[in-house]
Structure formats: structure tokens, C-alpha cells
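Engineer: So TrEMBL has the following annotated:
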type	residues	note
DOMAIN	A:4-224	domain 'Radical SAM core'
BINDING	A:CYS18, A:CYS22, A:CYS25	[4Fe-4S] cluster binding site
Amino acid sequence: MNAPAPPVGLLAELTHRCPLGCPYCSNPLELEGREAEMSTEEWRRTFTEAAALGVMQVHLSGGEPAARRDLVDLVAHCAAAGLYTNLITSGIGLTAERIAALSAAGLDHVQLSIQDSDEESADRIAGYRGAAARKREVAAEVVRAGLPLTVNAVIHRANIGRAGALLEQAIAWGARRVEIAHAQYYGWARRNRAALMPSRAEAIRAIAEIEALKAAHAGTIVVDHVIPDYHATYPKACMGGWGRRLINVTPTGRVLPCHAAETIPGLDVWSVREHGLGEVWASSPAFVAFRGTDWMVEPCRSCSRKGVDFGGCRCQALALTGDARNADPVCHLSPFHGQVDAVVLAETGSVVPDYAYRSLRLKD
Amino acid sequence: MSDAPDPSSRPTLPRGVRLKHDALRGEWVLLAPERLLKLDTVAVEILQRCTGEATFDAVVDDLVRVFAAPRERIAADVGTMLSGLAAKRLLDWR
């Protein structure tokens with residue numbers, strides 16, 4: 001096999017530690033503690049290798065990346081390596097001084113999560129009293145520092161009626177860009193699916209509201225609208241294609257083609273603690289497993305869209321069909337597509353269960 | 001087009017949007033929040049002049065010296081491109 005084209009982006013999950021407990025967190029159910037995390041030096045080496053490999057954008061994420069004391073140092077290192085550096089944060093742990101230091105270190109962009117436009121509801125979703133008020137201050141401090149701000153909101157049952165208000169809050173806070181992303185059911189969101197999933201009617205109403213606001217505010221704010229894939233016709237090209245554009249590095253240095261890839265059993269995942277990043281990208285069995293289109297089964301194998309959506313999401317195929325090689329069942333061509341409708345119907349009943357808040361305590 | 005730029009306003013790339021020459025792939029890209037746009041040589045010539053110093057008119061005048069094309073044609077093409085980037089919040093007017 002020829003060497004794959006180089007990756008363009010790297011998502012660095014610097015830590016799993018986070019003061020919030022959002023029930024849709026994309027982190028795995030089994031979270032790593034501080035003692036298992038990579039050192040500053042290991043992360044620096046990873047970023048240096050990423051730049052040499054062809055990565056142009058680094059997304060510093062978590063958990064909450066501000067929980068790392070070396071965050072400013074790591075941003076400075078990325079900037080010196082010529083990497084476009086994006087901080088994906090809850091805002092908790094970012095003081096005005098720290099934001100100024102990150103800005104001076106060469107940070108390019110801040111993406112701040114919000115939970116709801118109603119602050120009481122937002123704090124309940126985050127499982128953290130005062131989070132919403134603090135985020136409002138952080139947004140103001142980011143804008144004051146001259147950093148471009150994106151506001152990110154995950155849409156689900158508790159806030160879907162305020163999707164438009166969330167977008168308008170992002171404008172009021174001075175964001176140039178807003179991501180309105182309907183919950184994707186992996187990790188903690190899979191566990192909390194029955195508490196999170198809105199009805200199809202609610203989803204359709206919210207999508208129309210966001211699309212109307214997107215048009216009305218064009219030129220003021222860029223709206224990236226990720227529609228709920230359980231209601232879609234074709235799957236999304238997850239990660240832009242497996243092992244094609246993006247790398248995910250976990251807090252302990254494990255290198256994944258997507259953040260949920262460890263849910264796929266038998267995937268041999270390599271670590272930057274034992275291998276160079278370029279070697280992992282080219283040769284690690286986890287990256288090779290679903291790269292390209294040769295691994296596909298029908299209906300993907302003979303589908304004209306196989307180079308467009310790459311069969312969708314492997315993790316979702318596994319979760320809903322039992323085999324990661326199958327077409328993502330959100331595709332209307334999948335023989336398992338009925339499973340999706342069954343899940344939507346079964347989990348949008350009138351009884352809403354309590355959240356299982358994301359928590360570090362679950363790991364043995 | 002009704003949204004033709006004001007000739008005296010100054011186009012600039014805002015913080016968070018930058019031009020980069022990618023030596024590994026031998027191409028120019030525009031890096032922006034959660035985006036990466038590949039640029040052709042014409043786009044690079046235009047964006048390298050969007051420094052916040054030069055007016056739209058001055059940018060066009062300068063490009064007329066580089067490209068063998070009528071000024072009106074260049075002004076229209078540059079205006080279309082910059083207005084498109086501004087609509088995506090990838091370019092500001094000063």
C-alpha cells in the first residue's frame with residue numbers, strides 16, 4: 001500500500017479532567033486520571049512530530065485543557081512549530097490573566113462550550129453551579145484579549161426548544177462563529193441517550209429555526225450546523241474519512257483515528273510513547289483497518305458515494321449493527337436503517353431518565 | 001453585484017485567519033477556525049495584499065501590474081472573492 005497522504009489536523013485530548021459533568025461528553029466512559037497523562041515533554045515532542053508530518057491545525061481539548069498547568073507552555077510550543085492552535089474549552093479555569101498569557105503565547109482561536117441560554121438549565125446540564133455565569137465572563141475576556149471566539153452548543157432534549165436563543169447568545173457574546181451540533185450518541189451521550197434524544201418533531205423544528213437564523217445573520221456570524229444524524233438520509237463522512245485527515249491523541253498518548261475508536265474491539269492502537277507519530281499514521285493497525293474503501297462491505301462497496309461519506313461512522317455501525325464494517329445505519333441504504341428508527345421511537349418517550357453525569361470515578 | 005467593496009476601505013485578515021505556505025505539500029493555504037482552504041496563485045496574490053494598510057483600490061491597482069487583465073475585470077474578481085470571504089467572517093474591512 002502506498003504511503004497515505006499526510007494528516008491536516010490533530011485533536012489533542014490533553015487531559016480527561018474536567019470540572020463539568022456534561023452527560024453528552026465525547027470522552028470514553030473509562031476516563032484516565034492525572035497520573036496517567038503524558039508529560040509536558042511528551043506532548044511537546046508529539047506536536048513537533050505532528051508539524052513535521054504535515055499537520056497544520058492543532059485542537060487542544062480534553063476534558064478541560066485548562067486543567068493542565070502547562071497549557072500556556074504547550075500553546076507557545078505549537079505556535080513556534082508553525083501550528084494553527086485552537087483551544088476547545090469549557091472556560092472553567094481560565095482567568096483573565098491566563099487568557100492574556102495564552103493570547104501572548106500565540107493562540108489562534110478559542111472555542112467555548114455553552115450548555116443552554118437559560119443559565120439555571122445550563123448549570124443543571126453541566127452539573128456545576130455557576131458554570132454559565134463564569135462562561136459569560138470568559139467569553140467577554142476572550143473577546144477583550146482580541147482572540148477570535150467560536151461558541152459551541154450541543155443540542156438535546158433539555159435545550160432544543162432554545163436552539164435559536166443559543167445562537168443569538170453567541171452573537172451577543174461577540175462570537176464570529178457558532179457551532180450548533182445536535183448530540184451524537186457515542187461515549188457518555190450513548191449512555192444517556194434516553195435522557196438526551198429529542199423527538200423527531202422537535203429536531204425538525206429546531207433545524208428549521210437554526211437554518212432561518214443562519215440566513216438572517218449571514219455576514220455577522222458563521223453558523224456551523226451539525227444536524228442530528230439519526231434523522232439524516234446519508235451518513236456524515238466521519239472524521240473526513242478514517243485515517244485520511246485527522247489524528248486524535250488521548251491523554252495517555254494513544255493515537256486514534258477518531259475519539260470513539262476505542263469502542264471498536266480488537267483494534268490495535270499504538271501510542272506516541274512507543275512509536276513516532278509518522279509511523280503510527282502510516283502503519284498502525286488501527287489506522288490501516290478502515291482507511292480507504294477496500295475494507296467495505298455492501299451496500300458501501302458498490303456505492304457511488306463511498307468516496308464522499310466513506311461509509312459514515314464505524315463506531316455507530318458497530319453500536320447499532322454489531323459489525324464496524326457495515327454501512328453506518330443512519331444511511332437509508334443500510335439494511336439496518338430500521339434500527340435507527342426503533343431507537344428514536346424507543347428513547348423519546350414521556351418519561352425522561354436522570355442524567356448519568358460524566359465522572360472520573362468510574363474507572364477502576 | 002450590490003455588495004461591491006467600498007474602494008477606500010482596507011481589507012485585512014482578522015486574527016485567527018492566516019496565510020501559510022505549506023512546504024511539505026508545496027501549496028498555500030488559508031488557516032481559519034475549524035477550516036483550511038487551499039488557495040490558487042491568484043488568491044494568494046490577492047490575500048498577500050490584504051494587510052489592513054492598502055485600500056481596495058490600491059490592492060486592485062497593484063494587481064493590475066501583476067496580471068495582464070483589464071482593471072475593471074480585476075476589480076470585479078477581487079471584489080467578489082473578498083466579499084465572499086467577508087461573508088464567511090474570514091476577512092474584515094477597515
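For all residues, glycine too, the Cβ spot is worked out from N, Cα and C.
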Engineer: Mind sorting out which of the binding-site residues A:CYS18, A:CYS22, A:CYS25 are close to chain B, meaning Cβ under 8 Å from one of its Cβ atoms?
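Structural biologist: From A:CYS18, A:CYS22, A:CYS25, flagged as close to B: nothing.
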Engineer: Which residues, same chain and not among A:CYS18, A:CYS22, A:CYS25, have a CB within 8 angstroms of the centroid of the CB atoms at the recorded [4Fe-4S] cluster site?
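Structural biologist: Apart from the listed residues, the neighbours are A:LEU20, A:GLY21, A:TYR24, A:ASN27, A:GLY63, A:SER90, A:ALA126, A:TRP188, A:ARG358.
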Engineer: Near A:CYS25 ([4Fe-4S] cluster binding site), how many other Cβ atoms are within 10 Å of its Cβ?
Structural biologist: 24
Engineer: What is the Cβ neighbour count of A:CYS22 ([4Fe-4S] cluster binding site) at a 10 Å cut-off, with all protein chains included?
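Structural biologist: The Cβ of A:CYS22 ([4Fe-4S] cluster binding site) has 24 Cβ neighbours within 10 Å.
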